[in-house]
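Only one structure is covered here, and it is reproduced in the block below.
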Amino acid sequence: ACSPERSRAKVTPRLPAGSSAELHAPACPQRLGPLRLPFESRAPRRSPSLPSAMNQIEPGVQYNYVYDDDEYMIQEEEWDRDLLLDPAWEKQQRKVSRVSCTPSAGLVRVSTFTAWCNSHLRKAGTQIENIEEDFRNGLKLMLLLEVISGERLPKPDRGKMRFHKIANVNKALDYIASKGVKLVSIGAEEIVDGNVKMTLGMIWTIILRFAIQDISVEETSAKEGLLLWCQRKTAPYRNVNIQNFHTSWKDGLGLCALIHRHRPDLIDYSKLNKDDPVGNINLAMEIAEKHLDIPKMLDAEDIVNTPKPDERAIMTYVSCFYHAFAGAEQAETAANRICKVLAVNQENERLMEEYERLASELLEWIRRTIPWLENRTPEKTMKAMQKKLEDFRDYRRKHKPPKVQEKCQLEINFNTLQTKLRISNRPAFMPSEGKMVSDIAGAWQRLEQAEKGYEEWLLNEIRRLERLEHLAEKFKQKASTHETWAYGKEQILLQKDYESASLTEVRALLRKHEAFESDLAAHQDRVEQIAAIAQELNELDYHDAANVNDRCQKICDQWDRLGTLTQKRREALERTEKLLETIDQLHLEFAKRAAPFNNWMEGAMEDLQDMFIVHSIEEIQSLITAHEQFKATLPEADGERQSIMAIQNEVEKVIQSYNIRISSSNPYSTVTMDELRNKWDKVKQLVPIRDQSLQEELARQHTNERLRRQFAAQANAVGPWIQNKMEEIARSSIQITAALEDQMNQLKQYEHNIINYKNNIDKLEGDHQLIQEALVFDNKHTNYTMEHIRVGWELLLTTIARTINEVETQILTRDAKGITQEQMNEFRASFNHFDRRKNGLMDHEDFRACLISMGYDLGEAEFARIMTLVDPNGQGTVTFQSFIDFMTRETADTDTAEQVIASFRILASDKPYILADELRRELPPDQAQYCIKRMPAYSGPGSVPGALDYTAFSSALYGESDL
């Protein structure tokens, strides 16, 4: 022992990187000159300082301040003056083995390092009792390094001489140095001489290098990594707050939490008491020693009763827990990776099944709808055809719009699924046969082809039926009038009354027959009209044409017979006329004038009661003009009527004047004065009725015109609005300055405005329905039809939805592949420059020019290979999404089949196969069952019953297998 003089120590306050610090102390026979620090220091966090009260330094004691390599070394804390004066602290330090003049302050505990060394040496069947003595010959030191490293050191010298021992220790120190550790001022001589300070420094270096240095969590340093690991594992536990490697462990709950987190079967954490720190620490150490093969390295009382427990000792002990649970951590990491991969696959399979279901339902709806739209079988009545038109309106307004949304959503889901598969490095999704997006588009095109013209056909059929009903009613009226007139005419013409008649009577019969012929000739036009109407009904395919034809044929046949009989009777009367000379000229004149006038009145009554159908104000005004012209002829007709009545009055006057004994009735005419009066009164009654009906129709046409203008005003506003929105969406999709999120917000605003605009479309549909119900079929005030508006609206909805999906896909691709907004803007600028048609597509030559402008040296073979990536279906165009995928395909951070295989190998403990029980133990139940159901049986070397082939399964996940 030496007795150095008191002197003030000189300490370098801050050490530059790569240098050593010197601490000067009084000379001591055991060590001369300045004492060098045993470890190299790199930019320490703060300078060491001597105790504030220098008179408290024990005489003859050398104080050493240790600086460690900051990659994995831990720095000593500054001396705490109050700690040096604390009797409890002094009592605790006396438990530490001391050799020579080694101070207790700042040194790691000998017992902890001894226990740590023995935990490894026992694997080789040996141990140490005294750390400074048992390593002096270097043999157990070399053995310790071989056990903890798993490597062979050079063969030791077996001699007992000092130089043999020094040689062995140097072999150990050289091996430590070969592992990247710089040993400063630690020489073999100090170890051989039993310098406990140097020996402990060397053991701490070994602990740091082989037990702590490799601990790293999220690229932190060794100490920080071990601390972060402890914090994460103990975070869920109450009363545990790990912030350091000294005071945070004093209550023992941290150690208990580490054990419970990994082995909850070994400890009941809920029963622990924070107020029993010694019991907690001893419980943790006993369980660790018994079940985890971690020797008891610390003393519970020392930890609890020391204001600041020794940091190195606790780090050494806690690192044993890290290594004890390292296998479980590795398995947990592997299981997490597998769970992530399987979750992606399960979600993708769900999306595939959803796509298949929606595609099947949509295709089935199209298959059922097309025959209905292609059916052009006309109905026989207006009511039935109007019911068909109403059904078609319901289809366009209620049934088709949801299907348009379903089709658009199906395409969006398909594109999103393909993007997810591409980003997750999975093979592209191929739908079932007949359910590709192109198949659905083709079926939809066939649907629209069938739909095209169906509404026009319905309206034409309604017009045709309307015309048919009008003609049929007109036919019935004219036929009934003619049949009434012709009734009994054949019997009259067949009479032989002239055979027994007087000359006067015969002449009367002849005149009567002449009047009949005049009447017959007047009815010629009516018969021709009846025949013409019947012909038109046949041409328009009237459903009751057979009865019309039969009735028309009977009228024509009867007309022919009347003509023949009239001719025969005339011939008979003319033969008899020579026998008859006296004819009442007045009666004859009456008959000649009354018959045409009567026929005129009948025609006028028919015209006044005639049904009419018009479609414009001009047409009804034309009818009104004709009616006014007819009314203008009434005074002239009234004059004719009075003249005819005057003839009959004259007849009666002559009979009375000359006392003629014959009836005043006119033998030449069937028209009586009463008939003329009645029919004239009827004509005068029908004129104002006709006036009223024409005015009502004029009002209806004005209403129709208002409906036309109302629809046109709305359509002329809606049509351009839809076009403007389409142009705005097109412009927003090619802009390059705004961020994708801003584009998305803008598109969402567009979508919101479009949805809010739906009320205008519905109002227009209501106006259109009113027009159709009013049977208005043309509109000169607008070029927009409801069909144009519907197609434009559906295209607008589809376009905004697709554009939003494209931006979502770009965001997904950008985030997954780490593309910055500036890169995305550059991609968009390049694409827009070469998108010469400004339709969101580049053809192959434009794409080649774009690549050349970006510095690609393209040969034909290389360009052909690139085209198979960006245009796999051979469409002849490149979309912006394909362009981005190509430009960023090398930067995607995706999992691979090899990574998944490696993770399964960890769970299988390096076996080439895995068992169902292992999957159930390591994975969540649903994902374990997912693997068991899909993994093929393993048939390779060393196979056992129930072995599953995880290699083939992992390859199949990425399309690299036929499974």
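Glycine too: its Cβ is placed from the backbone N, Cα and C atoms.
TrEMBL: automatically predicted annotations, no manual curation.
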Coiled coil per TrEMBL, picked from 75-109, 635-669, 740-774, is residues 740-774
Of 1-24, 25-48, 145-168, 553-576, the range TrEMBL tags as region 'Disordered' is 1-24
Among 191-225, 226-260, 506-540, TrEMBL marks as coiled coil the stretch 506-540
Which range is coiled coil per TrEMBL? Of 341-368, 901-928, 929-956, it is 341-368
In the coiled coil (341-368), averaged pLDDT is 90
Reduced to three DSSP states, the domain 'Calponin-homology (CH)' (107-211) has 68 helix, 1 strand, 36 coil
